[in-house]
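Here's what Swiss-Prot has on this protein:
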type	residues	note
BINDING	66-73, 151-155, 205-208	GTP binding site
COMPBIAS	127-148	compositional bias 'Polar residues'
DOMAIN	57-367	domain 'tr-type G'
REGION	121-148	region 'Disordered'
TRANSIT	1-15	transit peptide
């Protein structure tokens, strides 16, 4: 059944006009963009129109995730070519790809940013404008679907880019290297996708290469990714062990053989023809179909009924019923997932069209995905609960009880309905890019309603309103202007001045500058930024270039929130921090070459931390100075002691206002004698505080002052870590009427905390801490001994385990609570076709024990991992790879601290 749309797609791709546009777009793509005008001006309604429902059902927001060099960009280029989007196949080695459009990407042959592309599969034809339902036994891939594709990086330094993209995906294609199998970075991204509950299919690539082992890779999917592999295709090797020429489809019981060329010429064989052409492959295909039906029957009751309807004949089950069963199992949220597996060789143009059919047949449309989490007025829940009004009713009841009022439920429901009617659209900004021609582009995913051109967008994170002058549909680095971005789609807003990555944008009806309460507090789940571990100094060439440099750095931070900028108080140097060496190198390229900042960057350094070795006594400081021409006076008492995040917390003191843990430090604020009351608006107040200063402002000012002091240690000037600061604010001693402004309180807290850090007892003081990394190294058996010796002796690392297959969630690099509760899958119970060349040939048993893959899990100081890749490659004959993430900061031993300090000062031994 997949064969018909596959052939139709090939024919349509040949015949379609590529119009006069330099983009080479199908004219119907442009028409579909214009068709979005129908959505303009209509206020949001929970009952989506029939036309919109049809459009949404035929929309797929998917991502491509994989280890570096697994073939993500190569596969994407083939997808664009076969969909009719491009007229030639882009090549990574030539630097002619559509998705890798940054100069740094084309120079290095790697993906750095997540490129967003929209195309149609199968390519649109004149009759594809309607949204009539499909016949029951017709697969979804028979009609054209809109595919919004995100090509993500595979390099460990760009993990934040991957997380940023995963947040807005509905489904994903995970590409595996058929030679290397499941690699460390693949596991990391796979389990990140599990936390967002993203349905995934697996595509085993590079099966044309020597040493490719499809069967072994299938078993690794079971043991390392923690799911049941559903083998939907098996590779077709000429004569059983010759050249890779095609695939055998277990769903449709047919063979597909690709001719030489661009991959558009495909010859199809039914089971009888396959049996006469390749009898061994036909027998294996039958075994694959039996295994697939058996696996689905274990997880889907409807498949069991269909199996009995077909008189218990595995081969008689209709292909579309298998597709629907696979889809149900894939979209099921509970229990162990089934992982559909497909085969191909993208560089040889084999297997990409059936993969696109699988995307439209198996991956979910926006309404079928788990609802995103939102918070509104301090109440959390799902987006659909918000749009139905239930979440607003809960929030209204909570707000009424906080004010001491008792509203009727009917009145709260009426207010909720009124608020929801005013909500026209809700979107998440997941990426900000500074385009040299178009200015700042903000990539958004619309979760409800629509974003219209010239509408007012309210940013609930920054509490600012901005107009959306232009809306675009992006085709990598090219764009088509549209009038509206509808629900479930990904688009770009040009011309926004304030929006950052992770901000929530809402549109609403009415003339007010801000949405009505509580819509102004609506936030989609934000994207958490991992801590940076490398930094480099940035210096402008002259004083006149400093302003330009600051503007460029601000733009860089809007684009990539995983970068941080700080200023060293002593030297006045600007420091740029990032996730890794390559990350900072790319940031430097963007800063100097793309943003044209006239500056120089110093060498990349490691971000160490300081920690207290003992407790200080209470230190009281009174701040008494003019701030911006206004007298400010306030006081505060601070004590400092070591803090272990893993220790059990004790009951807080009754006078405690807040306990906050940030960057490995704990701040406790106590206010004895402060009589806290909640007013009618739900705001905490105290009669002892001067007008204009509520409890929230007091708490925030003290926290900010303390954080400013902790950003700089007393001995080595590195940020503090593992520090507990107790701030005591006594209104009788530390409050001076209207002079105690938030600025004065913040300054008093900073002075008291800094003094307490300097007052640590002699002999205690502070010690240096260094980042320790969780490292997973993949090598073959022959290199294992040399690599283990290098890690444990030369680099001062600690080996955790040596395993042939280590599931990543057990190593601490990432965690997925659902996987931890399920028992591991026995690879021997998994169906996998035999690999060619398994038997001994010329006296060599492949795979031999010497090249059997092994995994080393270790904890190693980051300093020893700088530039480690070239050492690993020399130890493993170029075959070793590794991935690492920050585990924790650990206190250094005295000799190690002395050596590091000597190196930082430039001393020589």
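The backbone N, Cα and C atoms fix where each Cβ goes, glycine too.
Features per Swiss-Prot, on structure.
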residue	record	DSSP class
66	GTP binding site	strand
72	GTP binding site	helix
207	GTP binding site	coil
Practice problem: Enter the number of other CB atoms within 10 angstroms of the CB of residue 69 (GTP binding site). | Solution: 19
Practice problem: Sort out for me which one of 66, 207 has the most neighbouring CB atoms within 10 A, since those are the binding-site residues we care about. | Solution: 66
Quiz prompt | Across the domain 'tr-type G' (57-367), average pLDDT on the 0 to 100 scale | solution = 84
Quiz item: Counting every protein chain present, what is the number of Cβ atoms, excluding its own, within 10 Å of the Cβ of residue 72 (GTP binding site)?
Solution: 29
